Every structure is written in structure tokens, then in C-alpha cells.
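Annotated in TrEMBL:
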DOMAIN    71-230  domain 'Sodium/calcium exchanger membrane region'
DOMAIN    261-399  domain 'Sodium/calcium exchanger membrane region'
TRANSMEM  42-62  transmembrane segment
TRANSMEM  69-86  transmembrane segment
TRANSMEM  106-125  transmembrane segment
TRANSMEM  137-159  transmembrane segment
TRANSMEM  174-192  transmembrane segment
TRANSMEM  213-230  transmembrane segment
TRANSMEM  255-278  transmembrane segment
TRANSMEM  290-309  transmembrane segment
TRANSMEM  329-353  transmembrane segment
TRANSMEM  360-379  transmembrane segment
TRANSMEM  385-405  transmembrane segment
Amino acid sequence: MGSLETYDMENQQLLKYIHVVKNDELMSDVQVGMLRMFLGNVGQVLLGTRLCLLLLVVPLAFLAKCFDFGSPWIFALSLIGLTPLAERVSFLTEQITYFTGPTVGGLLNATCGNATELIIALFALHQRKIHVLKYSLLGSIISNLLLVLGSSLLCGGIANLDKEQRYDRKQVDANSLLLLLGILCQILPILFRFGGLEAPNAASSSVLEMSRASSIVMLIAYAAYIFFQLKSHSRVFESQEEEENDEEVKEEKPVIGFCSAFVWLVIMTVIIAILSEYVVGTIEVASDTWGISVSFISIILLPIVGNAAEHAGSIIFAYKNKLDISLGVAMGSATQISTFLVPLCVIVAWIMGIPMSLDFGLLQTGCLAFSILLTALTLQDGSSHYLKGLILCLAYVVIGACFFVQRVPSNQSHAYDLGIQLFSEKLGISSR
């Protein structure tokens, strides 16, 4: 009996040992699997772009800030570091849309598509640099309409000389209508200021109140546009999927999971926010050091960085003769900034007690108006060739040269908004 009990005890200990070994092996397999997934995500997110080398500039920007290398260096490194981050945010948003469906995915694209511009605008608003905010948003609209769209039509036309490039004018018409509404709301404050029908103080009050009312109208229009795009007339905004399916049978699949993409998106957004704060805080010192006007940096340089991902994607689609997608990227982004980000900043400034109007300046608004009209005329016939793209690009060069030679001191570039602020403080308008 004693030997039998001893044998049973040994068997139980052996089974426990085997169970522990299996659990350890299972845990090690899980840990190895998680490590492989993490390394795979790092490879896809950080190394899955041709701009991966520019990501090395991001820690250099942090070091420049910590060790106080000087505002020009901090500004330059932060500006360069924002370029790959903006492209990666676009990539992560695309990965999330595979899991959320077309409706939520469309809203997410609309929210994150211009994340860099929005974050820079909010930091500029927080630091009371209204002129930087206005210049950057206006420059983003002009950049999308002339540079992004123009270079796409130019490259697409050269790559498809033997083909007729056509697109659906319905989505162009919808975007053009909203852009014209946005420019109308920006022209009216200038007419108030130069009309001379009211006293200067009364005109300032009228411009501020009208800008806030117009911003609410623009947000309503953009909400209707989103519903029109995603629900009632979603087929209008669909690219030529039947032709694409004939050419490309391969189905696209996400390369990283939903949770991983969301975590990486949060991390990238936080880093963009930090670098944006660096850019906004050092832009004026960098302008004085380099001898370049704040208007040129804000209207030309900042939008090129913020639109880097859209620029590359739009050119690639135009090169493949998919102009509907290129137009959706370029004009969709311009429409979002004009009728969503601009009025949103006015409303947020209103909530914060900061008087911000829709008066962007006569020269700036004039350049924006001609950019919208030139783009609308270019796209009116439903076909494209390289000459149209070349004209849009040359128009962007002319506008860039205009702001490059403009020499406006930083303390005068937002004088009108400063006047509105002083008048508002007297009457208590900003607290309404």
C-alpha cells in the first residue's frame, strides 16, 4: 500500500510539473507573439514610409528645445518633423477606416485629414497669434487648390498623354459651391471695413458680430455637406470603382489592427501637438532672423508641410489616371478648411473671449478668391490635361512670390484684430 501511495504522489507531482511547464510555454508563446506584433507595428508605422528618415528630425527638435539651440533651429526642426508625422496620421486613419465602415470612416477622415492645420490653429489661437492662425488656414486652402491640385493635374497629364483624363463634375460642383460660400463670408467683413458706411468703432462691432453669425452658417453648410457626401448622395463621391475593380482585383486589407492603429494615432497626434506649439512659439523670431515675412512662412511653408500627405497621395492617384480621387483629396481638404476649420476657430475664439473676425485682409482674401475662381474655371468641362495643372502651379508661384516680397512687421500684421479686441474690451462684446 505504501509503495502504491508513493507512486500516486509521484504521478500527481509529475502532472503538476507538466501543467506548469505547459503554462510557462503558453505564456512565453503569448509574449513572443505580442513582441512580434509590436515589432511588426513599429515597422509598418515608422518604417513603412519613404519619409521615415525625416522621423529622425523629431527627437532633434525635442533636443533643440530642451538645450535651447535657438528659436530658428527649433522652428526649422519642428517644421521638418511635422511632414512625416502628417503623412503617418493619414496612414493610420486609413487603417482605422477598414474596421469602422464607410460612414464613420468618412467622418474620421474628415476630422484627421487636416489634423496638423487644426492643431497649429488652436495653439496660435491660445497664444493670441490670430494673424498666424488666419495665414496658415488661408494658405492651406490656396495650397490645396493650386499646388496640390495643380501638380496632380500636371503629373497626371504628362503620364497619360495618350489618354483622355476625365472626371465626374458633380463632386467638383458641390465643393465649388461651399468654397464660394466661404469666400463670400470672408469678403463681407472687408466690404464693411472699406465701405465707410459706419463709424470705425461701429464697423468693428458689426464685423465681429457678422463673422460669428457667418461662422455658424458655414458650420451648418458643412454639416449638410457631410450628410450629402456620406448619406443622401454618396454615389456622387464614389470613385470609378467598377473600372478600378477591372484593373485591380486584389483586395486591400489593413496591415495593423484597430487598437494598434488607434494607439499610434493618439501618440502621433500628441507629438504633432508638441511640435506645433514649438512652431507657433518660434515663428516670429525665425521670421526676423531669416528675414522672411511671417505671412510667407504661414501662407506658403506651413501649408506645404501640413498638406504633404495629401500632396503625395493626390499625385499618385492622378498618375494612375484616377482623377476623381485626386479631386476628392485636394478640393475636399480645401472645402473642409474653408467651411469647417475657419468658422470653428471663430467660434472657439468666441468661447475663449478672443475677438476673431473673418477679415483675413484685402490682399489675402483677394488671392483666395482668385484661386477659387481659377480652380472652378479650370475644372468646368470635366476633362483635364497637363496645361491646366501647369497654369494652377504657376498661379501658386505668383502668389508665393507676392507674399515673399511683402514686408509687414509682425506687430502690424494683426493690427485690425487688435483694434477689434480693444474696442470689444470697452463694450464687453468678447464676453457675450
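The backbone N, Cα and C atoms fix where each Cβ goes, and this holds for glycine too.
Same-chain residues lying 6+ beyond the ends of the transmembrane segment (385-405) with a Cβ under 8 Å from its Cβ atoms: 142-143, 145-147, 149-158, 161, 165, 292-293, 295-296, 299-300, 363, 367, 370-371, 374-375, 378.
Just going by CB pairs under 8 A, the stretch in 137-159, 174-192, 213-230, 255-278, 290-309 that sits most against the transmembrane segment (42-62) is 255-278.
Against the transmembrane segment (137-159), stretch 329-353 shows more Cβ pairs under 8 Å than any other of 69-86, 213-230, 329-353. Among the recorded stretches 69-86, 213-230, 360-379, the one sharing the largest number of Cβ pairs closer than 8 Å with the transmembrane segment (174-192) is 360-379.
In this chain, the transmembrane segment (329-353) lies close to the transmembrane segment (213-230): three or more C-beta pairs between them fall below 8 angstroms, excluding pairs fewer than 6 positions apart. The stretch in closest packing with the transmembrane segment (255-278), judged by the count of Cβ pairs under 8 Å and taken from 69-86, 213-230, 290-309, 360-379, is 69-86. When the stretches 213-230, 290-309, 360-379 are ranked by Cβ pairs under 8 Å to the transmembrane segment (69-86), first place goes to 290-309. Taken through DSSP, the domain 'Sodium/calcium exchanger membrane region' (261-399) splits into 116 helix, 2 strand, 21 coil. Within its own chain, the transmembrane segment (360-379) has Cβ neighbours under 8 Å at 134-135, 138, 141-142, 145-146, 149, 153, 167, 169, 172, 176, 179-180, 183, 186-187, 190, 194, 295, 299, 327, 331, 388, 391-392, 395, 399, 402, 406, 416, counting only residues six or more beyond its boundaries.
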